[in-house]
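Before any comments, here is the structure.
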Amino acid sequence: MSDMHSLLIAAILGVVEGLTEFLPVSSTGHMIIVGHLLGFEGDTAKTFEVVIQLGSILAVVVMFWRRLFGLIGIHFGRPLQHEGESKGRLTLIHILLGMIPAVVLGLLFHDTIKSLFNPINVMYALVVGGLLLIAAECLKPKEPRAPGLDDMTYRQAFMIGCFQCLALWPGFSRSGATISGGMLMGVSRYAASEFSFLLAVPMMMGATALDLYKSWGFLTNGDIPMFAVGFITAFVVALIAIKTFLQLIKRISFIPFAIYRFIVAAAVYVVFF
(Lines of atoms letter the chains of each structure in order from A and count residues from 1; the text may use other names and numbers.)
(Lines give C-alpha, C1' and ligand atoms only; values in the text may rest on other atoms or scores of the structure.)
Protein backbone atom coordinates (compact mmCIF):
# COMPACT_ATOMS: atom_id res chain seq x y z
CA MET A 1 0.00 0.00 0.00
CA SER A 2 1.53 3.32 -1.09
CA ASP A 3 1.99 6.14 1.39
CA MET A 4 -0.54 8.43 -0.31
CA HIS A 5 -3.03 5.61 -0.66
CA SER A 6 -2.72 4.67 3.01
CA LEU A 7 -3.09 8.30 4.10
CA LEU A 8 -6.22 8.65 1.96
CA ILE A 9 -7.70 5.53 3.54
CA ALA A 10 -6.81 6.91 6.98
CA ALA A 11 -8.57 10.20 6.21
CA ILE A 12 -11.69 8.46 4.87
CA LEU A 13 -11.96 6.16 7.88
CA GLY A 14 -11.26 9.09 10.21
CA VAL A 15 -14.21 10.94 8.69
CA VAL A 16 -16.45 7.87 9.06
CA GLU A 17 -15.38 7.35 12.68
CA GLY A 18 -15.78 11.01 13.60
CA LEU A 19 -19.21 11.26 12.00
CA THR A 20 -20.68 8.09 13.45
CA GLU A 21 -19.05 7.42 16.84
CA PHE A 22 -21.39 9.59 18.90
CA LEU A 23 -24.47 9.49 16.70
CA PRO A 24 -26.99 6.68 17.35
CA VAL A 25 -26.17 4.98 14.04
CA SER A 26 -23.37 2.52 14.97
CA SER A 27 -19.83 3.45 14.07
CA THR A 28 -18.99 -0.27 14.01
CA GLY A 29 -21.44 -0.95 11.20
CA HIS A 30 -20.04 1.88 9.12
CA MET A 31 -16.41 0.97 9.77
CA ILE A 32 -17.02 -2.65 8.78
CA ILE A 33 -18.63 -1.64 5.47
CA VAL A 34 -16.15 1.09 4.55
CA GLY A 35 -13.11 -0.92 5.68
CA HIS A 36 -14.27 -3.85 3.55
CA LEU A 37 -14.90 -1.67 0.49
CA LEU A 38 -11.46 -0.08 0.88
CA GLY A 39 -9.79 -3.44 1.38
CA PHE A 40 -8.45 -2.33 4.76
CA GLU A 41 -9.03 -5.25 7.11
CA GLY A 42 -7.05 -7.45 9.47
CA ASP A 43 -5.03 -6.85 12.65
CA THR A 44 -3.55 -3.51 11.55
CA ALA A 45 -7.02 -2.24 10.66
CA LYS A 46 -8.35 -3.23 14.08
CA THR A 47 -5.50 -1.41 15.82
CA PHE A 48 -6.09 1.62 13.58
CA GLU A 49 -9.76 1.71 14.59
CA VAL A 50 -8.77 1.70 18.25
CA VAL A 51 -6.39 4.63 17.74
CA ILE A 52 -8.85 6.81 15.83
CA GLN A 53 -11.47 6.20 18.51
CA LEU A 54 -9.15 8.13 20.81
CA GLY A 55 -9.48 11.08 18.44
CA SER A 56 -13.25 10.96 18.78
CA ILE A 57 -13.01 10.74 22.57
CA LEU A 58 -10.74 13.79 22.63
CA ALA A 59 -13.46 15.74 20.80
CA VAL A 60 -15.89 15.05 23.66
CA VAL A 61 -13.29 16.14 26.20
CA VAL A 62 -12.80 19.42 24.32
CA MET A 63 -16.56 19.99 24.00
CA PHE A 64 -17.40 19.26 27.64
CA TRP A 65 -14.12 20.04 29.39
CA ARG A 66 -15.62 22.40 31.97
CA ARG A 67 -18.36 19.91 32.88
CA LEU A 68 -15.87 17.02 33.04
CA PHE A 69 -13.47 18.93 35.29
CA GLY A 70 -16.44 20.05 37.39
CA LEU A 71 -17.32 16.41 38.04
CA ILE A 72 -14.01 15.96 39.84
CA GLY A 73 -14.28 19.25 41.72
CA ILE A 74 -12.04 21.40 39.52
CA HIS A 75 -13.61 24.69 38.42
CA PHE A 76 -12.28 27.40 36.12
CA GLY A 77 -13.55 30.98 36.11
CA ARG A 78 -17.29 31.47 36.40
CA PRO A 79 -19.46 28.74 37.97
CA LEU A 80 -20.73 26.06 35.62
CA GLN A 81 -24.18 26.94 34.27
CA HIS A 82 -26.94 24.91 35.92
CA GLU A 83 -28.84 22.77 33.41
CA GLY A 84 -32.28 21.89 34.72
CA GLU A 85 -35.28 22.88 36.79
CA SER A 86 -34.32 21.28 40.11
CA LYS A 87 -31.60 22.33 42.54
CA GLY A 88 -29.70 19.11 41.90
CA ARG A 89 -26.35 18.77 40.23
CA LEU A 90 -24.85 16.06 38.05
CA THR A 91 -22.01 14.44 40.01
CA LEU A 92 -19.28 11.89 39.51
CA ILE A 93 -21.56 9.37 41.24
CA HIS A 94 -24.01 9.61 38.33
CA ILE A 95 -21.19 8.77 35.92
CA LEU A 96 -19.95 5.88 38.05
CA LEU A 97 -23.46 4.43 38.33
CA GLY A 98 -23.81 4.71 34.58
CA MET A 99 -20.53 2.85 34.07
CA ILE A 100 -20.88 -0.07 36.48
CA PRO A 101 -23.21 -2.43 34.55
CA ALA A 102 -21.32 -2.33 31.24
CA VAL A 103 -17.90 -2.40 32.93
CA VAL A 104 -18.79 -5.55 34.87
CA LEU A 105 -20.27 -7.36 31.87
CA GLY A 106 -17.53 -6.10 29.55
CA LEU A 107 -14.75 -7.43 31.77
CA LEU A 108 -16.49 -10.76 32.36
CA PHE A 109 -17.27 -11.41 28.71
CA HIS A 110 -14.56 -9.42 26.87
CA ASP A 111 -13.37 -12.29 24.67
CA THR A 112 -16.91 -13.46 23.93
CA ILE A 113 -17.92 -9.95 22.90
CA LYS A 114 -14.92 -9.67 20.57
CA SER A 115 -15.97 -12.92 18.91
CA LEU A 116 -19.29 -11.31 17.98
CA PHE A 117 -17.60 -8.81 15.66
CA ASN A 118 -18.90 -10.13 12.36
CA PRO A 119 -21.26 -8.68 9.72
CA ILE A 120 -24.30 -10.81 10.54
CA ASN A 121 -24.31 -9.82 14.23
CA VAL A 122 -23.73 -6.17 13.33
CA MET A 123 -26.61 -6.25 10.85
CA TYR A 124 -29.04 -7.60 13.45
CA ALA A 125 -27.79 -5.09 16.03
CA LEU A 126 -28.42 -2.22 13.62
CA VAL A 127 -32.04 -3.31 13.19
CA VAL A 128 -32.73 -3.93 16.89
CA GLY A 129 -31.06 -0.65 17.85
CA GLY A 130 -33.23 1.17 15.33
CA LEU A 131 -36.35 -0.40 16.81
CA LEU A 132 -35.24 0.73 20.29
CA LEU A 133 -34.87 4.33 19.06
CA ILE A 134 -38.41 4.21 17.68
CA ALA A 135 -39.70 2.68 20.94
CA ALA A 136 -37.96 5.41 22.95
CA GLU A 137 -39.63 8.14 20.90
CA CYS A 138 -43.06 6.49 21.14
CA LEU A 139 -42.97 5.43 24.80
CA LYS A 140 -41.09 8.28 26.47
CA PRO A 141 -43.10 10.38 28.98
CA LYS A 142 -44.89 13.35 27.43
CA GLU A 143 -43.13 15.63 29.90
CA PRO A 144 -39.59 14.58 30.86
CA ARG A 145 -38.94 14.12 34.56
CA ALA A 146 -35.38 15.32 34.00
CA PRO A 147 -35.49 18.19 31.48
CA GLY A 148 -31.86 19.12 32.12
CA LEU A 149 -28.64 17.28 32.84
CA ASP A 150 -28.61 18.42 36.48
CA ASP A 151 -32.13 17.05 37.05
CA MET A 152 -31.02 13.45 36.61
CA THR A 153 -31.37 11.05 39.54
CA TYR A 154 -29.01 8.28 40.56
CA ARG A 155 -31.63 5.73 39.54
CA GLN A 156 -31.89 7.20 36.05
CA ALA A 157 -28.10 7.16 35.70
CA PHE A 158 -27.92 3.51 36.75
CA MET A 159 -30.74 2.47 34.42
CA ILE A 160 -29.02 4.25 31.53
CA GLY A 161 -25.95 2.22 32.46
CA CYS A 162 -28.03 -0.95 32.19
CA PHE A 163 -29.18 0.07 28.72
CA GLN A 164 -25.54 0.73 27.84
CA CYS A 165 -24.93 -3.01 28.22
CA LEU A 166 -26.81 -3.45 24.94
CA ALA A 167 -23.91 -1.68 23.24
CA LEU A 168 -21.67 -4.63 24.07
CA TRP A 169 -23.47 -6.20 21.12
CA PRO A 170 -21.31 -5.00 18.20
CA GLY A 171 -23.24 -2.67 15.92
CA PHE A 172 -25.85 -1.67 18.48
CA SER A 173 -24.40 1.81 19.11
CA ARG A 174 -23.42 2.96 22.59
CA SER A 175 -25.01 6.37 22.12
CA GLY A 176 -28.18 4.81 20.68
CA ALA A 177 -28.52 2.50 23.68
CA THR A 178 -27.83 5.15 26.33
CA ILE A 179 -29.92 7.91 24.76
CA SER A 180 -32.87 5.57 24.23
CA GLY A 181 -32.56 4.31 27.79
CA GLY A 182 -32.43 7.85 29.12
CA MET A 183 -35.55 8.89 27.24
CA LEU A 184 -37.46 5.83 28.45
CA MET A 185 -36.38 6.72 32.00
CA GLY A 186 -37.84 10.22 31.64
CA VAL A 187 -34.72 12.17 30.69
CA SER A 188 -35.17 14.72 27.91
CA ARG A 189 -33.73 13.95 24.50
CA TYR A 190 -31.10 16.69 24.85
CA ALA A 191 -30.06 15.84 28.42
CA ALA A 192 -29.89 12.12 27.61
CA SER A 193 -27.60 12.93 24.69
CA GLU A 194 -25.34 15.09 26.85
CA PHE A 195 -25.13 12.38 29.52
CA SER A 196 -24.33 9.83 26.82
CA PHE A 197 -21.39 11.96 25.66
CA LEU A 198 -20.07 12.45 29.20
CA LEU A 199 -20.44 8.75 29.94
CA ALA A 200 -18.52 7.96 26.76
CA VAL A 201 -15.28 9.49 28.03
CA PRO A 202 -14.43 7.03 30.84
CA MET A 203 -16.17 4.10 29.12
CA MET A 204 -14.46 4.49 25.76
CA MET A 205 -11.10 5.47 27.24
CA GLY A 206 -11.10 2.32 29.37
CA ALA A 207 -12.19 0.03 26.55
CA THR A 208 -9.85 1.67 24.05
CA ALA A 209 -6.87 1.49 26.41
CA LEU A 210 -7.50 -2.24 26.94
CA ASP A 211 -7.83 -2.89 23.20
CA LEU A 212 -4.75 -0.79 22.43
CA TYR A 213 -2.71 -2.69 25.00
CA LYS A 214 -3.71 -5.99 23.42
CA SER A 215 -3.13 -4.71 19.86
CA TRP A 216 0.11 -2.80 20.43
CA GLY A 217 2.22 -5.51 18.82
CA PHE A 218 0.60 -4.86 15.44
CA LEU A 219 1.68 -1.19 15.40
CA THR A 220 4.93 -0.35 13.57
CA ASN A 221 6.82 2.91 13.07
CA GLY A 222 5.75 2.91 9.44
CA ASP A 223 2.11 3.05 10.52
CA ILE A 224 2.51 6.25 12.55
CA PRO A 225 1.76 8.77 9.72
CA MET A 226 -1.38 6.86 8.75
CA PHE A 227 -2.54 6.55 12.34
CA ALA A 228 -1.84 10.25 12.98
CA VAL A 229 -3.93 11.32 9.97
CA GLY A 230 -6.80 9.08 11.08
CA PHE A 231 -6.60 10.35 14.67
CA ILE A 232 -6.61 14.04 13.71
CA THR A 233 -9.35 13.61 11.11
CA ALA A 234 -11.57 11.70 13.56
CA PHE A 235 -11.04 14.41 16.20
CA VAL A 236 -11.96 17.33 13.92
CA VAL A 237 -14.94 15.60 12.33
CA ALA A 238 -16.26 14.33 15.69
CA LEU A 239 -16.08 17.86 17.09
CA ILE A 240 -18.24 19.16 14.23
CA ALA A 241 -20.58 16.15 14.41
CA ILE A 242 -21.24 16.55 18.15
CA LYS A 243 -21.99 20.28 17.86
CA THR A 244 -24.30 19.70 14.90
CA PHE A 245 -26.04 16.74 16.54
CA LEU A 246 -26.83 18.63 19.75
CA GLN A 247 -28.41 21.43 17.72
CA LEU A 248 -30.27 19.02 15.47
CA ILE A 249 -32.01 17.04 18.20
CA LYS A 250 -33.61 20.22 19.52
CA ARG A 251 -35.69 20.22 16.33
CA ILE A 252 -36.14 16.60 15.24
CA SER A 253 -36.80 13.18 16.77
CA PHE A 254 -34.63 10.08 16.49
CA ILE A 255 -36.95 8.42 13.96
CA PRO A 256 -34.77 9.52 10.98
CA PHE A 257 -31.75 7.96 12.70
CA ALA A 258 -33.68 4.71 13.16
CA ILE A 259 -34.62 4.64 9.48
CA TYR A 260 -31.01 5.32 8.55
CA ARG A 261 -29.93 2.35 10.70
CA PHE A 262 -32.26 0.08 8.74
CA ILE A 263 -30.68 1.35 5.51
CA VAL A 264 -27.18 0.63 6.85
CA ALA A 265 -28.31 -2.86 7.91
CA ALA A 266 -29.51 -3.45 4.36
CA ALA A 267 -26.16 -2.19 3.07
CA VAL A 268 -24.32 -4.67 5.32
CA TYR A 269 -26.47 -7.46 3.88
CA VAL A 270 -25.79 -6.38 0.29
CA VAL A 271 -22.04 -5.97 0.81
CA PHE A 272 -21.39 -9.16 2.77
CA PHE A 273 -24.16 -11.57 1.78
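Note: Cβ is positioned from N, Cα and C throughout, glycine not excepted.
Listed in Swiss-Prot:
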TRANSMEM  6-26  transmembrane segment
TRANSMEM  45-65  transmembrane segment
TRANSMEM  90-110  transmembrane segment
TRANSMEM  116-136  transmembrane segment
TRANSMEM  190-210  transmembrane segment
TRANSMEM  222-242  transmembrane segment
TRANSMEM  252-272  transmembrane segment
Winner by Cβ pairs under 8 Å against the transmembrane segment (222-242), considering only 6-26, 45-65, 116-136, 252-272: 6-26
Recorded stretch, among 6-26, 45-65, 116-136, 190-210, 252-272, maximising Cβ pairs under 8 Å relative to the transmembrane segment (90-110): 190-210
Proximity verdict for the transmembrane segment (45-65) and the transmembrane segment (252-272), three or more C-beta pairs under 8 Å: no
Cβ-Cβ under 8 Å with the transmembrane segment (252-272): same-chain residues at least 6 beyond its ends: 23-26, 29-30, 32-33, 36-37, 119-120, 122-124, 126-127, 129-131, 133-134, 136-137, 173, 176, 179-180, 189
For the transmembrane segment (116-136), distant same-chain residues with Cβ under 8 A (at least six beyond the ends): 24, 26, 28-29, 32, 166, 169-173, 176-177, 179-181, 183-184, 254-255, 257-259, 261-262, 264-265, 268-269, 271-273
Close approaches to the transmembrane segment (6-26) from elsewhere in its chain (Cβ under 8 angstroms; 6 or more beyond its ends): 34-35, 38, 40, 48-49, 52-53, 55-56, 59-60, 122, 125-126, 129, 133, 171-173, 175-176, 179-180, 196-197, 200, 225-227, 229-242, 245, 254, 257, 260-261, 264
